[in-house]
Each structure stands twice: as C-alpha cells, then as structure tokens.
Amino acid sequence: MAIKLIVGLRNPGSAYEQTRHNAGAWLVTALAQRHNSHFKIDKKMQAELTEIDINNHPCRLALPLTFMNHSGQTTRIISQFYKIEPGEILIVHDELDLPVGRIKLKTGGGHGGHNGLRDITAQLGTGEFHRLRIGIGHPGHKDLVHQYVLSRPSMHDRQQIYDAIDRGIAIIPIVLSGDMARAMNQVNA
C-alpha cells in the first residue's frame, strides 16, 4: 500500500524546535525543502501542510500544530478528511531505544512509551501504521527521559541525527511506492 501521508512528530514553537523530541519534524521539514515545497498553516487540520510528488506518487506532509501528546488528533483529522487509511500513513518520530544516528522503518507495533505514538494509536483505533524511527539515544535512566527529549542534542549528536535524516529521506521514494520490504532492507541494514 502506497504512503499518502507523512507526519513529522514535534512539539510546536521556537522553544522546542531544536530539541531531540522534534527529530521527526526535522526529517519532514528537510524532505519538503528538498522538493521545493512550502508548508502552510491549516487550522482546520491542526497542522502545517504541504504536498510533494515523487515519481508520480503524491503525498501530503504534515507537521502538527498540537503538542506531541495530542499528535493523534491531528493525524486522525487529516486522515479522515482525505480518506487515508492507517496503512497509508508514515509517522516519523524520535526514538529513545535506538542509538543516536540509527534509523529504522517499522510497520505496526506498540507505542513503546512514546506519547505521540500512544495518542495516534488511540485516535486511529489501531497501531497498524508505518513508523520511521530516528535514534536519539537514551539518557541512561528513565527519570532523565523527560528532560533529555526536551533538550538540544550536542553538535556531534545533531550531526549524527542529520545523517540519519539523510538516510531516511533517501528511502522515501521507495516508501511512497509502497515497497516497504525493500525500504526496510535498505534503511535497516
């Protein structure tokens, strides 16, 4: 099934823009820029939206205007309005359980403690959507997670995350075609 909607998870606002938790939005923003596509605020959809077309595969890109914990609301509104099935959605998000700079493509599964994924699963009524997980590393103890994800990465970590974003963007044409197995083999290797 071809992907018709890519959502980059984030917390909106300049205070959060450069934090680890916004790594998903970094990728979606970079993808739009590389295709000379510009986001426009759509209050009805509760998101900044744009469209790209790669090899005759059109796709909407969304950056929620809601905070991370309410990402599902935005995703549900957009998917219902445009009649997009959960299996046609790719959620791009930060991942504590991957080392900094690793990237993995996954279909379905649980939320793994990620509040954005938790809300998307609840709002869509299923976890059967695709996820592109960008490794941000783990602070070492669960009590440090909140502060860690809302902090800015070091220059070294930021560069590793940017490198992962480049690898993620490289597989988007394959993802949009619906060949998830090939995309997974390429990015998860």
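Easy rule for this one: first residue shown is 1, then count along the chain.
Using the three backbone atoms N, Cα and C, a Cβ is placed for every residue, glycine included.
Feature annotation from Swiss-Prot assigns site 'Discriminates between blocked and unblocked aminoacyl-tRNA' to Asn11. What Swiss-Prot lists as tRNA binding site is Tyr16, Phe67, Asn69, Asn115, and the listing cites sequence analysis. Annotated active site, proton acceptor per Swiss-Prot: His21, in sequence order, evidence recorded as sequence analysis. For Asp94, the entry in Swiss-Prot reads site 'Stabilizes the basic form of H active site to accept a proton'.
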Asp94 (site 'Stabilizes the basic form of H active site to accept a proton') in three-state DSSP notation: strand
Nearest-integer angstrom distance between the alpha carbons (Cα) of Asp94 (site 'Stabilizes the basic form of H active site to accept a proton') and His21 (active site, proton acceptor): 6
For tRNA, whose listed binding residues are Tyr16, Phe67, Asn69, Asn115, the greatest C-alpha pairwise distance in Å: 16
Other CB atoms within 10 A, centred on Tyr16 (tRNA binding site): 18
Candidates Asn11, Phe67, Asn69, Asn115 (recorded positions) with Cα within 10 Å of His21 (active site, proton acceptor): Asn11
Sorted by sequence, non-Tyr16, Phe67, Asn69, Asn115 residues with Cβ within 8 Å of centre, tRNA: Asn11, His21, Thr66, Met68, His70, Ser71, Gly116
Recorded sites (Asn11, Asp94), the one with most neighbouring Cβ atoms at 10 Å: Asp94
CB contacts for Asn115 (tRNA binding site) [other CB atoms within 10 A, all chains]: 17
All-chain count of other Cβ atoms within 10 Å of His21 (active site, proton acceptor): 24
Protein Cβ atoms within 10 Å of Asn69 (tRNA binding site), excluding its own: 13
